[in-house]
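First the structure, in the form of structure tokens, and then the observations on it.
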Amino acid sequence: MTQSLTIARPDDWHLHLRDGAMLQAVLPETARHFARAIIMPNLVPPVVTGAQAAAYKDRIMTALPDDMSFEPLMVLYLTEDTDPADVAAAHASGLVKAVKLYPAGATTNSASGVQNFDKVRPVLETMAEIGLPLCVHGEVTNHDVDIFDREAVFIDRVLDPIRKATPELRVVMEHITTKDGVDYAKSGGDNLGATITTHHLIINRNHILAGGIKPHYYCLPVAKREQHRLALREAATSGDKTFFLGTDSAPHTDANKLLPCGCAGCFTATNTMALLAHVFEEDGALDKLEGFASKHGPAFYGLPVNEDTITLTKNETATVFPEKIESGDGPVTVFDPGFPVFWDVT
Ligand SMILES: NC(=O)N[C@@H](CC(=O)O)C(=O)O
Ligand SMILES: [Zn+2]
Ligand SMILES: [Zn+2]
């Protein structure tokens, strides 16, 4: 018997669209299901100023197929030279919905990120005053900190001090991967939210490393132990409005993934909603999917819930997702959950 679920059209609160040929290829994969997305600014060079964000938004809208509707929510990449007045103007004009903090060297294209957090205090204070959220890639970069501990250590050494110094600052902990992240987000009050990716609800570190290395499961923050995946599942399916969907769909060509030093990122835009329906059903929480994917994010960002809807259908035969999508830069492998999924967006 087929089963179906209609929910308000979802949004993606953490998405990499890239630029040029890759943008052209991946944008329809998101716009097919999602109404809006928070667009990550880690291009080369990064999207630092309001003018750069306006130009990038134009390129996204130009790449959007005529028969699709989609609103990119633009984000500025925080550097030690970011001008608070430029940030305030970009927010006041309605263009920019968040500022992104990358610790320098933490992840893909983060070389221009912040090294000395004191240098960005004036920007953070301006953001707190105007209510502009800070999105955070929450990992320290110290070589003496184990990669599996970098999120928990970031919370103690960087995030908590920033929030104590600026309690009015609204913060999104992006792509949390640990129980530590879940617990900290839960206890943070209304000014703190957290996004969770689809893939971190599905894989743990064994998926990457056991039985041969699987580069397509390698992303940052790296997937952790099973106990952490279970904590993320519980948070996402709990109905707690602190937690919302940010897919972190991060396309890299297969050529760039399958290298001796391969790129970090999972490309999930194509099948995210079907995978989430599977996950939420498995946890007996289909009634919580709409909150996670369509309602808690707009509430945090002070935006309306989308008026249109999507319908998810569970079929008798497994859904066949494309193994790869083609881009002008080369093929991009679609995230494979490793089990059959019977849901699809109709
Ligand atoms: N998540 C990833 O593994 N990669 C992202 C960067 C990021 O979100 O950290 C990317 O831009 O490729
Ligand atoms: Zn990140
Ligand atoms: Zn990301």
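Including glycine, each Cβ sits where the backbone N, Cα and C put it.
According to DSSP, D248 (active site) is assigned to coil rather than to any helix or strand. What TrEMBL records for D248 is active site.
Every protein chain shown contributes to the tally, and the Cβ of H14 (Zn(2+) 1 binding site) ends up with 27 other Cβ atoms within 10 Å. What TrEMBL lists as Zn(2+) 1 binding site is H14, H16, K100, D248.
The Cβ neighbour count for A264 (substrate binding site), using a 10 Å radius over every protein chain in view, is 15. DSSP assigns A264 (substrate binding site) to coil in the three-state reduction, outside any helix or strand. The substrate binding site annotation in TrEMBL covers H16, L17, R18, N42, H137, L220, H252, A264.
Feature annotation from TrEMBL assigns Zn(2+) 2 binding site to K100, H137, H175. Listed in sequence order, the residues of the same chain lying 6 or more apart from H137 (substrate binding site) and placing their CB within less than 8 Å of its CB are K100, L101, Y102, P103, A106, T107, S110, G113, E174, H175, L220, P221. According to DSSP, H137 (substrate binding site) sits in a coil region rather than a helix or strand.
The average pLDDT computed for the domain 'Amidohydrolase-related' (12-304) is 97. Look at TrEMBL and you will find 12-304 tagged as domain 'Amidohydrolase-related'.
The annotation N6-carboxylysine is assigned in TrEMBL to K100. Around the Cβ of K100 (Zn(2+) 1 binding site), the number of neighbouring Cβ atoms within 10 Å comes to 25.
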So if I take the binding-site residues (H14, L17, R18, K100, H137) and measure from each Cβ to the nearest atom of ligand 1, which come out below 6 Å?
H137
I want the residues beyond K100, H137, H175 whose C-beta is within 8 angstroms of the mean position of the Zn(2+) 2 site's C-beta atoms, in chain order.
H14, M40, L101, Y102, T107, C135, V136, G138, E174, D248
Residue from N42, D248, H252, A264 whose C-alpha is spatially nearest that of H14 (Zn(2+) 1 binding site), among the recorded positions
D248
Quick note, R18 (substrate binding site): same-chain residues at least 6 apart with CB under 8 Å of its CB -> V26, L43, P251
List the binding-site residues L17, R18, H137, H252, A264 whose Cβ sits under 6 Å from any atom of ligand 2, in sequence order.
H137
Given the recorded positions H137, L220, D248, return the subset with CB under 6 A from an atom of ligand 3, ordered by sequence, or none if empty.
D248
These are the binding-site residues: H16, H175. Which one scores highest on other Cβ atoms within 10 Å?
H175
